[in-house]
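Each remark here refers to the structure printed beneath this line.
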Amino acid sequence: MKPNATMATYRPGLKRKHRIQKLNEDVSPHRAVSAVRLLRIEQGGAFADLLSDKGRGAAENEMAYVERTLGFRTRDLEDRDVRLVTDIVGGAVRWRRLLDHLILYLCHDERTFRDMEPLLLQILRIGFFEILKLGMPPYAVVDENVRLAKVALRPGAGNMVNGILRKLVSLKETDSLPLPEVEGDARAQARALAVIYSHPVWMVRRWTNFLGQEEAIKLMNWNNGDPRFCLRVNAGRGYTRDDLVKKLETLKVRHEPSPCMDDFVRVQTGLQTVIRAGLLRDGVCSVQDESAGLVVSVVDPQPGETIIDCCAAPGGKTLFMASQLRGQGMVSAIDINKGRLRILKETSKLHNLDGVITAIHADLRLYSEKTNLKFDKVLLDAPCSGLGVLSKRADLRWNRRLEDLEQLMVLQDELLHAASLLVKPGGILVYSTCSIDPEENEERIATFLHRHPEFAIDPVDQYVPPEFVTKEGYYLSNPVKHSIDGSFAARLIRSFDQDKAGMKNASNRNHQAKEVNLILHSASVQRIANQRSSFHYDSPQLYLLSCN
């Protein structure tokens with residue numbers, strides 16, 4: 001099939017002269033915006049999460065994309081429409097594998113599915129998700145999506161949507177959806193589970209091996225659920241958690257205090273309300289998961305200390321550590337991405353922390369070899385797979401490959417060695433990830449300790465609640481068990497007495513390997529660094545919504 005002439009193909013970065021298009025009041029605004037946003041995500045021009053503190057301006061921006069892509073505009077997005085767009089886009093991305101399995105089945109022809117126009121496929125995904133997961137009235141869903149397909153494409157596309165969605169409604173009503181049976185060998189079972197719970201097969205196999213099938217299913221259910229967010233009050237500007245709670249009550253945002261972090265408040269719904277009310281913009285609070293806050297607890301910043309955050313952007317942990325210095329001491333924030341460091345500096349001013357934060361634009365591996373500076377505490381929040389934050393980052397599961405983990409583990413080893421060179425004798429090195437994968441976590445520490453006998457594990461039991469402490473003395477949060485993002489941290493202490501000759505030999509070996517690996521992995525560092533945030537943001541405050 002050829003795209004209809006009325007549909008403009010979206011190309012990232014393409015600028016067009018804006019002109020007002022015809023208003024179509026018959027098309028549902030949230031469906032039109034969702035379809036175009038899903039199309040942009042598929043073509044690499046957008047992220048899955050619609051978060052903005054620009055209120056009506058953000059809605060106008062989304063409608064502008066509809067105009068440029070579909071050739072018409074709908075009536076304006078209302079608050080309810082914005083929430084629906086967020087739910088539908090995030091849900092359709094999460095459940096893409098299952099939705100496509102069902103669409104393919106109802107097409108009765110793989111070629112028809114493979115050759116389907118991108119916009120038509122997005123409209124079908126929206127309809128399937130609304131019927132199967134949102135529980136919307138089926139025939140209203142059919143009618144609205146048929147209308148969208150006819151107007152945005154052509155009458156024949158609407159007829160196709162009508163036929164496929166009506167078949168889906170019939171299958172759902174008779175409880176006869178064609179789901180695969182979980183049977184056969186481990187590979188066959190993983191393929192079935194990957195469809196039913198909409199994850200890549202390699203993730204299912206990996207989690208089944210590490211966790212067992214029952215726990216793997218629980219984890220996938222968590223990843224597919226509505227993301228839960230947490231707010232950290234900005235104590236550096238004199239606010240308390242009670243102040244934040246009062247503001248949330250005024251806004252009628254449902255919330256509950258964090259049971260594990262004193263400065264944190266959980267919000268399951270209403271984050272858009274918080275953003276539009278200006279609480280982030282005014283520096284009252286930041287969006288930060290408790291798992292990230294607990295990593296800072298492992299670092300245990302104290303007034304007067306010198307600390308370096310080795311892969312600092314987007315800066316959530318940098319800001320939290322700086323706030324705990326109470327104006328005494330310094331946090332150096334180093335990152336390879338100059339643009340994100342600029343935003344971090346802007347945000348530090350908003351939080352009145354720019355006096356204790358110094359930004360350094362550099363590759364950690366090169367910086368650590370050249371500088372003579374040593375720090376009391378060093379945090380390496382390493383680039384990782386992000387497998388602990390898939391609930392919030394809807395599209396990340398489809399952007400990760402098993403091969404990424406192999407590259408990441410090499411990179412993590414290099415960065416951990418580089419970070420260790422910055423630690424004073426008797427100082428602390430904290431390695432953390434937002435992953436739940438043992439190979440990125442415990443195994444990286446085991447490899448590091450084997451190569452660096454001058455470091456030893458400093459158990460985290462005096463820094464975090466006992467339910468987060470592993471038998472090895474590490475910090476680990478489990479999304480299913482703790483209802484927060486998955487993350488890991490190891491606290492290591494450097495001895496005062498060191499075998500200098502042994503260290504020099506080890507340094508020489510690492511330096512020789514680094515000369516080769518820097519060439520091989522510099523491109524990977526930048527690519528992975530650019531993937532660390534999958535949120536769409538247009539302000540410094542929203543920048544901190546990513547893995548921080």
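The backbone N, Cα and C atoms fix where each Cβ goes, and this holds for glycine too.
These features come from TrEMBL:
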- 219-495: domain 'SAM-dependent MTase RsmB/NOP-type' (DOMAIN)
- C311, A312, A313, P314, G315, G316, K317, D335, D363, D381: S-adenosyl-L-methionine binding site (BINDING)
- C434: active site, nucleophile (ACT_SITE)
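With respect to their backbone Cα atoms, the residue listed as 'active site, nucleophile' and K317 (S-adenosyl-L-methionine binding site) stand 12 Å from each other. Remark: of the recorded positions C311, A313, C434, the most isolated position is C311 (fewest other Cβ atoms within 10 Å of its Cβ).
Local packing around the binding-site residues G315, D363 was summarised as the count of other Cβ atoms within 10 Å of each Cβ; on this measure the leading residue is G315.
Averaged across the domain 'SAM-dependent MTase RsmB/NOP-type' (219-495), the predicted model reaches a pLDDT of 95. Looking at the residues that bind S-adenosyl-L-methionine per the record, C311, A312, A313, P314, G315, G316, K317, D335, D363, D381, the two CA atoms farthest apart are separated by 20 Å.
Around the Cβ of K317 (S-adenosyl-L-methionine binding site), the number of neighbouring Cβ atoms within 10 Å comes to 26.
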